[in-house]
């Protein structure tokens with residue numbers, strides 16, 4: 001700051017004064033006067049790195065005090081060079097500086113370094129140049145020059161300055177590189193400290209100056225930076241805390257999932273062990289059942305051989321019936337579970353041979369069976385004694401077990417055909433899974449028979465081709481209801497007021513009732529929907545699966561089996577009932593005679609066709 005202010009003040013000196021006044025300005029600038037001078041505020045900063053022009057010859061006067069001519073012939077645009085007053089002859093101190101604009105002095109003023117003679121107007125010299133290169137002077141040399149008076153501008157016969165008298169014949173030395181101004185070693189400590197402080201404050205200040213405004217703005221910037229850093233730290237801390245919470249939650253979920261997986265693995269292992277045990281038990285049960293079946297077939301073969309030689313009509317009860325029923329009674333529970341495993345096709349011809357020996361109408365009660373309980377026989381007797389028509393299907397099992405006796409020399413096909421013809425329902429020899437639902441025998445019928453009156457029901461006797469007996473066909477009769485004629489209508493009663501007001505009054509109450517019912521229905525429907533939504537939410541939160549409805553069937557369960565029937569003929573069952581066997585017949589109605597049918601046919605034949613008309 002000291003060097004720049006010296007340059008500015010030296011440049012701002014009035015151009016119209018004498019050289020002594022100019023020296024006073026230069027001394028004041030070298031001593032570092034106050035900065036609030038009027039010339040300092042108007043000065044501008046010099047660029048640090050500006051290439052200097054070659055200096056002209058030193059400003060020196062001859063012994064006689066004549067002014068030295070400029071090298072360019074005192075051109076109008078030449079530049080002069082001011083050298084320090086205390087410099088040694090033939091030497092140029094290292095300094096930095098630049099060009100400073102100077103006001104153009106009038107032609108009558110005196111030049112620096114020239115004896116007190118004014119410049120002649122007609123000597124060919126132009127007025128003072130517009131720009132002048134100024135090199136800053138060292139502080140110590142300026143102080144010494146200020147103390148000792150130099151004969152800058154004396155009388156005509158005075159001695160000139162040593163810098164002006166001594167000139168380098170080889171030419172001017174090279175200029176130094178631009179940079180910060182070096183301080184003289186002879187400078188005082190106060191001057192050094194002041195210059196360094198000003199230089200540092202000027203270099204560090206953000207606004208390019210060492211004033212108080214720069215320090216305040218710098219402090220405000222630092223405060224804002226600190227606040228921003230604190231906000232950033234708080235935000236990062238919050239993010240870290242949130243991430244830590246998420247990590248803890250994920251760890252807890254992972255632990256719970258691992259625990260569930262372990263439980264599921266344990267359950268799967270237990271289920272596998274249980275399945276293996278059940279399979280082992282089932283395989284053992286199948287083996288024992290197959291052994292029992294083979295033993296049963298062998299016993300049946302041995303028992304059937306002596307029966308074929310007998311010719312009596314009555315079947316001896318003990319050999320086959322007791323053995324079959326006894327074994328069947330003991331094996332009731334496993335036979336129901338392994339119904340598909342029984343070799344029915346192998347035993348069918350043997351059973352047919354045995355059945356040909358039994359009489360046609362022998363009931364079950366005549367068989368002396370020691371293994372069967374008495375309760376089963378009583379139930380079957382009660383079911384046979386019931387006079388109800390649909391109970392005839394209960395009577396069919398004894399007929400199946402006791403077919404007509406025939407000679408043993410008949411082939412198997414003839415025996416099968418005869419047995420199939422005797423059955424009152426459709427049957428097949430192809431084995432398939434079917435369920436014949438028969439209600440259990442009970443003392444009281446499930447459906448009470450309606451009282452039948454001969455007066456209201458007409459009976460038609462039709463020959464039955466199945467059993468050779470007459471069957472009764474119930475046909476409903478027509479009833480005559482006597483209707484009394486109406487009395488004579490009264491014209492006053494028939495008239496009815498159908499005005500809008502009367503109609504609205506009559507129907508207003510009904511409409512209100514209907515609206516109330518509708519509102520009530522809508523409210524109930526809304527409540528049901530809300531309840532369903534709440535249940536769904538609860539099931540989703542708790543993970544409870546909705547209970548699926550149990551699939552039930554109208555067929556009885558296999559645990560309710562009371563008796564077994566082995567036969568090669570399976571009934572054709574539909575909806576749990578066997579289909580009746582119907583012989584092909586023409587459809588006839590009993591109340592229509594031949595004459596009425598002929599009339600209908602004639603009328604149909606006489607009707608002309610509309611398509612034949614043209």
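Each Cβ is built from the backbone N, Cα and C atoms, and glycine gets one as well.
365 is the residue among 200, 365, 453 that Swiss-Prot describes as SUMO2 cross-link. Comparing 396, 402, 607 with the features listed in Swiss-Prot, the residue bearing the annotation phosphothreonine is 396. According to Swiss-Prot, of the candidate residues 70, 126, the site noted as phosphoserine is 126. Between 77, 245, 301, 505, Swiss-Prot assigns SUMO2 cross-link to 301; no such entry appears for the others, which is not proof they lack it. Residue counts for the compositional bias 'Basic and acidic residues' (272-281) by DSSP state, with H, G and I taken as helix and E and B as strand, are 10 helix, 0 strand, 0 coil. Taken together, the residues in the region 'Interaction with KAT8 HAT domain' (496-514) have a mean pLDDT of 90 on the 0 to 100 scale. Within the region 'Interaction with KAT8 HAT domain' (496-514), the DSSP-based counts of helix, strand and coil residues read 15 helix, 0 strand, 4 coil.
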